[in-house]
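Taken verbatim from Swiss-Prot:
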type: SIGNAL; residues: 1-23; note: signal peptide
type: BINDING; residues: 100, 119, 120; note: Ca(2+) binding site
type: ACT_SITE; residues: 114; note: active site
type: ACT_SITE; residues: 122; note: active site
type: ACT_SITE; residues: 166; note: active site
């Protein structure tokens with residue numbers, strides 16, 4: 001504010017001196033008016049430029065890398081469509097139970113995990129018994145997890161366990177998602193989709209569509225009448 005007043009004062013002083021000089025010289029009224037308008041306009045423009053520059057400098061000095069002088073950070077604004085990032089956690093294999101169920105050592109405790117968003121044909125169901133392609137799905141999962149050097153679990157954003165106490169997660173074997181691999185091979189269907197535990201739903205549906213197109217296993221023609 002002080003610099004602004006100083007600039008305006010200097011301009012007014014210059015204009016006053018010029019006006020006095022023109023008043024005592026042989027200058028016509030027309031020339032006097034033109035020169036007065038020119039100098040007054042120039043003074044106004046100069047004052048506005050200086051004021052704008054000072055204002056910008058003041059605003060810039062209030063922040064430094066997103067932190068104001070009081071030390072508080074500006075809040076991070078997330079879009080309405082942003083999602084919480086999932087992360088994988090290490091586990092070790094105890095055994096593969098069937099196509100969509102494995103038992104792992106997780107955080108020092110044995111825990112049974114049900115693969116999220118997929119359903120494989122049954123092999124041990126008390127009523128359904130052994131369903132077609134059930135043994136193949138079980139063998140596929142068993143081979144995938146037993147041959148892996150690294151097993152990881154990835155929980156979704158919602159419920160982590162089902163009513164039986166089983167963990168609900170995506171299981172990875174050496175970085176490859178077992179859930180997706182089963183669906184891609186036509187050994188599992190996309191099923192039990194409940195928000196918000198559906199982050200990888202579209203990935204699985206894409207793999208399922210490809211398996212259907214290729215008529216793999218449960219989508220094969222010889223399985224069309226089995227109700228699978």
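First residue shown is number 1, and so on along the chain.
From the backbone N, Cα and C atoms, a Cβ is placed for every residue, glycine too.
Of all the recorded positions in the list 100, 114, 166, the shortest Cα-Cα distance to residue 122 (active site) is found for 100. Taking CA atoms as the reference points, residue 119 (Ca(2+) binding site) and residue 166 (active site) are 15 Å apart. Cα to Cα, residue 100 (Ca(2+) binding site) and residue 114 (active site) are separated by 6 Å. Note: residue 166 (active site) has non-local neighbours 101, 111, 112, 113, 114, i.e. same-chain residues 6+ apart with C-beta under 8 A of its own C-beta. Taking the centre of the Cβ atoms of 100, 119, 120 as the Ca(2+) site, the nearby residues of that chain (Cβ within 8 Å, site residues left out) are 98, 99, 101, 115, 118, 121, 137, 182, 188, 189, 191. All protein chains included, residue 114 (active site) registers 19 other Cβ atoms within 10 Å of its own Cβ. The 10 Å shell around the Cβ of residue 119 (Ca(2+) binding site) contains 17 further Cβ atoms across the protein chains shown. Less than 8 angstroms from the CB of residue 120 (Ca(2+) binding site) sit 98, 99, 100, 133, 134, 137, 138, 141, 182, 187, 188, each of them six or more residues away in the same chain.
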